[in-house]
């Protein structure tokens, strides 16, 4: 019986055409020396989807699509150039000087008794401040312009010097009114403590919009993971140094271009606690409600900031993200 069964199997095997049978070939899997390429911009978006969807809730989809769309800009008029000609040219493009327009509107409301509160004296704006932008929903572009930045990097310092040479008169550049340095900002309080009336602390951050659009210098690259993780620590150190460099009674503005409360409100609160505990220096956060009301027709503000103000991207007013907080050093 067994012999008959074996003979039947052999006959069946002879009739099968193995040429038509698909075979699964075994192979030895090879591992790359590095991880598969995953663009930093995708890592950034993945990170933002996880964190900002919790932080902003229902607002996040609107912020997300705005971040991924073209940003809106303002044009600050250079008073060392032919400012009247430049202003007239910008007005021909249907741009508006939103700073002076907002102030005029506020003054009219105050005269009519409609204003909720008078503007504080510290918000008095110089008549020489002219900043233009387009109306909400208008996505027109300004003609190309130059942007100056100050940085620890020698190459960026050299670039800043060239820009200053192009825009600032020689008598101002050669005097003591303009000074460019390349120090470690964390040591600023030690080098020039109690020196300045006003300090702007514009810190390195995740630069959320840049991180979603540019691979170059993207902080979400895998190689910069540790640098990104310690950003809040660095930001607290820089803000504390800025406060130490300010005279008692002076003002400090802290700013980032990130939506993250870890880099915004928490840094402000951390720096204030640090100065109180280690230096017995008292710092007061100033109320920016007046500023928000003044420019609410131009920018879209996040209403739930604990301290400071946050401009969130919105397709109708696609500025930001931009966080700023004004503080006054009391002692």
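Cβ from N, Cα, C; glycine included.
Because TrEMBL annotations are produced automatically, they should be read as predictions rather than curated entries.
Annotation comment: TrEMBL describes 257 as active site, nucleophile. Neighbour density for residue 257 (active site, nucleophile): within 10 A of its CB lie 19 other CB atoms from the protein chains shown.
Under the heading S-adenosyl-L-methionine binding site, TrEMBL lists 151, 184, 202. Of all the Cβ atoms in the protein chains shown, 12 others lie within 10 Å of the Cβ of residue 184 (S-adenosyl-L-methionine binding site).
For 147-330, the entry in TrEMBL reads domain 'SAM-dependent MTase RsmB/NOP-type'. On the 0 to 100 pLDDT scale, the model's mean across the domain 'SAM-dependent MTase RsmB/NOP-type' (147-330) is 87.
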**Request:** Can you check which residues sit near residue 202 (S-adenosyl-L-methionine binding site), meaning Cβ under 8 Å from its Cβ, same chain, 6 or more apart in sequence, and list them in order?
**Result:** 255, 256
